[in-house]
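K.L.:
First the structure, which I've put down as structure tokens, then a few questions once you've had a look.
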Amino acid sequence: MIPIPRMPLVLLLLLLILGSAKAQVNPAICRYPLGMSGGHIPDEDITASSQWSESTAAKYGRLDSEEGDGAWCPEIPVQPDDLKEFLQIDLRTLHFITLVGTQGRHAGGHGIEFAPMYKINYSRDGSRWISWRNRHGKQVLDGNSNPYDVFLKDLEPPIVARFVRLIPVTDHSMNVCMRVELYGCVWLDGLVSYNAPAGQQFVLPGGSIIYLNDSVYDGAVGYSMTEGLGQLTDGVSGLDDFTQTHEYHVWPGYDYVGWRNESATNGFIEIMFEFDRIRNFTTMKVHCNNMFAKGVKIFKEVQCYFRSEASEWEPTAVYFPLVLDDVNPSARFVTVPLHHRMASAIKCQYHFADTWMMFSEITFQSDAAMYNNSGALPTSPMAPTTYDPMLKVDDSNTRILIGCLVAIIFILLAIIVIILWRQFWQKMLEKASRRMLDDEMTVSLSLPSESSMFNNNRSSSPSEQESNSTYDRIFPLRPDYQEPSRLIRKLPEFAPGEEESGCSGVVKPAQPNGPEGVPHYAEADIVNLQGVTGGNTYCVPAVTMDLLSGKDVAVEEFPRKLLAFKEKLGEGQFGEVHLCEVEGMEKFKDKDFALDVSANQPVLVAVKMLRADANKNARNDFLKEIKIMSRLKDPNIIRLLAVCITEDPLCMITEYMENGDLNQFLSRHEPLSSCSSDATVSYANLKFMATQIASGMKYLSSLNFVHRDLATRNCLVGKNYTIKIADFGMSRNLYSGDYYRIQGRAVLPIRWMSWESILLGKFTTASDVWAFGVTLWETFTFCQEQPYSQLSDEQVIENTGEFFRDQGRQIYLPQPALCPDSVYKLMLSCWRRETKHRPSFQEIHLLLLQQGAE
């Protein structure tokens, strides 16, 4: 039972993101450094209102750079009532900016200047400047409290801009210096503004008001909105229920802009979109609400007109009717084909299908046109094709895309080479270390040490500081969020004992990338928890395996003909798990072990069977699993009873309990206080079963074994509520919905996993403690629902990121109705962020024993 080779966890999160992405820009992953710290923004594109000296010029205002005198410093002290000093960055093209990082002037310990606050002004064309405001109208952002730390601030809402000015703010006269970085990505939509009627208010039957205005629109707002961008381009799609929102601390209806039918005299809402250049449009995607029970539906048809530069609107429109949906109230993206029409402006008329129409996002799929075409359809005689030799369309976006594609190809080739090289050496090592079994099925194991490393060394060689990529990728921690590498490098801290006993995906030391010499955070790997027969595998550290390898294990051979197969419990890639009845098992079991069955009665057993066509690696893994299972001797752990290995298929025979697994057992029962005549379970019985689970896990942790899939589905129930921990719940189709599958290979029980297991691939006894807390929660809810049943798999991973950041936004499982405060307090202690602050299984077991005696 050892870990199977892993894939980078980043691929999981990227797959989740790519699989669910609907918008052109996803703010959760659009968090790349744009080139201040890496040097990709040239000095001439960094300007300032003034400078103290040549050594504190604007070009020295780069995050993590110590060049010059260590930062940009304005000529005079900043006054609270005279905010005229600024640092300006020209990004050359429009960018979607989601995050700002700032530092003061450290200068090797000689600098003390920093900006405690700042404002942001931005422009898309260099002439009209806009003051950034958050969702509540506040303009001032928190800055630094010392000259050396990097302070990262999310822009909520994000901005679309080419020019950005950072304006230092103080509450008293003081000298300030700044080093900055902007984070985001290229704005591929090319949209520079949209004009639309102002959103309206929806009054619920109870009198509550839902504000459906575009609250972050950065243009002029009156009865209509002109020359700006806002919520329709912020990359955030609204929920099915428009009264709910993704965002924190905002009002109901924030995600949507909505209009009432009676406000439109012609039965439609007209929105005009202006773009940065003439573009070739493929599709338009509109995210609409369809909560028809409240009179909200998607539009029934749309007509779009096109215009190139300053010409008139073309008479030929794109018309697209829709089939209305009165069955599914889910919000959805509506894709409108635009038939490769060319234009720099589009005017669309969205026709009402009901009382209300609500949009949360509008995106366009397009490419920059390589020549000026009127955009009319070829068959239209009313709009002849023209060509203006004086017009040159800037194709910088195209060059950037080509460069990115070439870079991606080289990266993929490098990854393939690394994977092949790793597999080659893995096979060589396996051949060198694998031993053959003797006639008594003796297995000797010596596994390489598995540990996690976090490179906090900031020094780097000159060769390591060279970077040719335009952007250094900040890998996502969840589908909707990622932290820049400069920040998260400091965060994970684990006690030495946990690192020694942990079983994790091997985390490679981070390699510095970029002139700043700051190492990227070490990438975690996906750990495949499945064994060859489909069940989860225990994680056994190298120290423990070295102790086991010195002992010969003789396992009794069981006559295969005595196995009476009843049903298949589950299956894996190379084997199956069957429920069988056997007679005469007493002759083959250990003398110190008593079967939980009456004399001369058939015994229920679980038989793990390896298929005859399994490869050599699978056979060795199966035999290693027998080696480990044979050492587990505890009243609350499933025992290995016998094996069948004289011929194929190889089998191992383990205990099974007459009441099946705890999940099914509890779901068939009700609390004792219930008035129902159905089977009941008392609170004392629940506590008794939980205590046994803790006892079994205490035994495993004493051996430094990590279960990695502790849940009620992996706890078997015998007579008198006895519990034994098993390991084949993962193989059962019945519980396939409890696991998230990645690329058809690894399956992860993410709803039971700790944040460090999901994000760092790290499995320790502390991560088993987390899973025990979830198992305890299942027990006291009588397994009536899945943990976090209200969240999708992507949202569960998103919540994991909240545990990582620890900003008070994480969602905990609620206290079950039958659960006393003392037990729920125990659950919460199992879900503490820091692994060293979680209780041990010895402490948990003792606490449950004490509570049971009260």
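Don't overthink the numbers, they just go from 1 along the chain as shown.
Cβ from N, Cα, C; glycine included.
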K.L.:
Of Lys561, Lys587, Lys608, which does Swiss-Prot put in the ATP site with Leu569, Gly570, Glu571, Gly572, Gln573, Phe574, Gly575, Glu576, Val577?
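P.N.:
Of Lys561, Lys587, Lys608, Lys608 joins Leu569, Gly570, Glu571, Gly572, Gln573, Phe574, Gly575, Glu576, Val577 in the ATP site that Swiss-Prot records.
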K.L.:
Taking Cys73 as one end of a disulfide recorded in Swiss-Prot, give the other end from among Cys177, Cys185.
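P.N.:
Of the listed candidates, Swiss-Prot names Cys177 as the partner.
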K.L.:
May I ask you to name which of Asn121, Asn457 Swiss-Prot has annotated as N-linked glycosylation site?
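P.N.:
With Swiss-Prot as the source, N-linked glycosylation site is noted for Asn121.
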K.L.:
Validating a neighbour-count step here. Other CB atoms within 10 A of the CB of Asn280 (N-linked glycosylation site): how many?
P.N.:
17
K.L.:
Tell me which of the recorded positions Asn121, Cys185, Asn261 ends up closest to Tyr735 (phosphotyrosine) in space, Cα to Cα.
P.N.:
Cys185
K.L.:
Nearest to Cys30 (disulfide bond) by Cα distance: which of the recorded positions Cys73, Cys177, Asn280 is it?
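P.N.:
That would be Asn280, the closest of Cys73, Cys177, Asn280 to Cys30 (disulfide bond).
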K.L.:
Note down the number of other Cβ atoms within 10 Å of the Cβ of Asn121 (N-linked glycosylation site), including every protein chain shown.
P.N.:
17
K.L.:
Measuring Cα to Cα, tell me the gap between Cys177 (disulfide bond) and Asn121 (N-linked glycosylation site) in whole angstrom.
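P.N.:
One finds 18 Å between the Cα atoms of these residues.
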K.L.:
Would you mind pulling the DSSP three-state label for Asn261 (N-linked glycosylation site)?
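P.N.:
Note: Asn261 (N-linked glycosylation site) is helical by DSSP.
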K.L.:
Taking only the Cα atoms, work out how far Tyr739 (phosphotyrosine) lies from Asn261 (N-linked glycosylation site), in Å, as a whole number.
P.N.:
45
K.L.:
Select the closest residue to Asn261 (N-linked glycosylation site) from the following recorded positions, measuring between CA atoms: Cys73, Cys185, Asn280, Tyr740.
P.N.:
Asn280
K.L.:
In whole Å, how far is Asn213 (N-linked glycosylation site) from Tyr740 (phosphotyrosine) when you measure between their Cα atoms?
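P.N.:
The separation of the Cα atoms works out to 38 Å.
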K.L.:
Around the Cβ of Cys185 (disulfide bond), how many other Cβ atoms lie within 10 Å? Please give the count over every shown protein chain.
P.N.:
18
